[in-house]
Amino acid sequence: MNLLETVEQDTMPTHYKQMTQVEMIARVTEIKAQLGENLFIPCHHYQKDEVVPFADAIGDSLQLAQIAAQNKKAKHIVFCGVHFMAETADMLTTSEQIVTLPDMRAGCSMADMADIHQLTNAWPKLQTLFGDTILPVTYINSTAAIKSFVGEHGGTTVTSSNATKIVSWALEQKERIFFLPDQHLGRNTAFELGIPLEHMAIWNPIKNELEYEGNLDDCKVILWKGYCSVHQHFTVKNIENIRKNHPNMRIIVHPECTHEVVSLADDSGSTKKIVTEINNAAPGTEWAVGTEANLVGRIIQENPDKKIVSLNPFMCPCMTMNRIDLPHLLWTLEAIQNGEKRNQIKVDEQTTKFALKALERMLQLS
């Protein structure tokens, strides 16, 4: 999402904020019923509880990408997630389908840490250092422009659900990979595949330089210096506190956490894995969960027979995900009902052409 898109969006009328929860729920329910199969609402796990009940599908990034690619019926897809997810949905759906984002301010700080101009500046420098030995791999939490560059250069997208499989494949294609924008997912995945930390370098996009003290020939993974502002806040101290105060508690974290945190946790995995593992656990088990607060709260509600806490007791929700709320959802649905275009996400054909190559490689491998 760029600044112009944010400025150009319509501002939601204030009367939506003045409506009661009961009124909004009734209106959303009514419009959903009227639109029927012409409307599809995918919803990410990190969304607010007030939005989730209206979802036609709930999932992680991989699940929602797969669902978007399979859905050919709905004319309108109202994406309850963040901007890069809506872009992905637009590229994977038909040209007749319209993807909208209820609030255009719902971006992703991690995705914004990898700018296409920074990437096009980095690539020739890396080619000079390593020659034609690098395959770019981008986390799905990236802009369409980044995905397009990666697709054009033979690379693929990846999610936290399929990271091990995709990165393993990528390392079979070229001698080394360039993983962006999340250094932690890249580091944790590569380490799980047996690559030592000393064989991983950092690419600093601000300085436009490689940060690596070893022999270049030993470098197998180049990590873009980006991170998730939510998962960065889970710390080793959080884990030590759980071990001290709740010795029977099992710790499961998202692989966007730092390597130190992931290494000390009992398990790590995508939001889908976290949800599935806890839901399937025996009654009475105890869990500390290192991921976004909305999801942790929902897991607690859905598992009253278990003791579940956030790994970080002072954790906040993802603030950009939180911009999608019931008033914005209703505002968007009423626009669709009235035949108005609002907050449509449309990726240009040239960008889509190569971004689809990266997305389709991932979906085929998944």
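Please read every residue number as a count from 1 along the shown chain.
Cβ coordinates come from backbone N, Cα and C, glycine included.
For Tyr139 (iminosuccinate binding site), applying a Cβ distance below 8 Å and a minimum sequence separation of six or more within one chain yields Met110, Thr157, Val158, Thr159, Phe179, Leu180, Pro181, Asp182, Leu185, Gly186. Under the three-state DSSP scheme, Tyr139 (iminosuccinate binding site) falls in the strand class. The iminosuccinate binding site feature in Swiss-Prot is assigned to His44, Ser61, Tyr139, Ile140, Asn141, Ser160, His254, Pro255, Glu256, Thr271; the stated evidence is sequence analysis.
In the three-state DSSP scheme, Cys318 ([4Fe-4S] cluster binding site) is classed as coil. Swiss-Prot lists Cys108, Cys228, Cys318 with the feature [4Fe-4S] cluster binding site, giving sequence analysis as the kind of evidence.
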Listed in sequence order, residues not in Cys108, Cys228, Cys318 with Cβ within 8 Å of the centre of the [4Fe-4S] cluster site Cβ atoms: Tyr46, Val82, Ser109, Met110, Ala111, Asn141, Ser229, Val230, His231, Glu292, Thr320, Met321
Collapsed DSSP category at His44 (iminosuccinate binding site): strand
Rounded inter-Cα distance in Å - Cys318 ([4Fe-4S] cluster binding site), His44 (iminosuccinate binding site): 12
Proximal residue to Cys108 ([4Fe-4S] cluster binding site) among binding-site residues His44, Asn141, His254, Glu256 (C-alpha distance): Asn141
List of residues, in chain order, with Cβ under 8 A from that of His44 (iminosuccinate binding site) and at least 6 apart: Ile58, Gly59, Asp60, Ser61, Leu64, Cys80, Gly81, Val82, Met85, Met321
